[in-house]
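Here the structure is laid out as structure tokens; the discussion comes afterwards.
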Amino acid sequence: MKLTCMMIVAVLFLTAWTFVTADDSRNGLKNLFPKARHEMKNPEASKLNKRYGCSNAGAFCGIHPGLCCSELCLVWCT
């Protein structure tokens, strides 16, 4: 009996915690779909295509291809 009551209290607490810490989801889908549609029309607008902290062509990279934006490294980014 005590275990059942504790389980009920735990589930209620976790449910309340989920609602309290969740982002404001009002109009979430309404704002999500136009943004996704824009990225489908213009793939360059996608945030996934952007690499931050990479070196452009002509920069020294040693032998680490991950440092170059093009991921082609022969001592210098190509």
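Cβ from N, Cα, C; glycine included.
Features as listed in Swiss-Prot:
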type: DISULFID; residues: C54-C69; note: disulfide bond
type: DISULFID; residues: C61-C73; note: disulfide bond
type: DISULFID; residues: C68-C77; note: disulfide bond
type: MOD_RES; residues: P65; note: 4-hydroxyproline
type: SIGNAL; residues: 1-22; note: signal peptide
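A map of Swiss-Prot features onto the structure.
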residue : record         : DSSP class
C54     : disulfide bond : coil
C61     : disulfide bond : strand
C68     : disulfide bond : strand
C73     : disulfide bond : strand
C-beta crowding around C77 (disulfide bond), within 10 angstroms: 20
Pairwise Cα distance for C77 (disulfide bond)/C54 (disulfide bond) [Å, integer]: 10
Cα-Cα distance linking C54 (disulfide bond) and C61 (disulfide bond), given in Å to the nearest integer: 10
Euclidean distance between Cα atoms of C54 (disulfide bond) and C68 (disulfide bond), Å: 5
Pairwise Cα distance for C73 (disulfide bond)/C54 (disulfide bond) [Å, integer]: 12
Disulfide-bonded residues (C54, C73), the one with most neighbouring Cβ atoms at 10 Å: C73
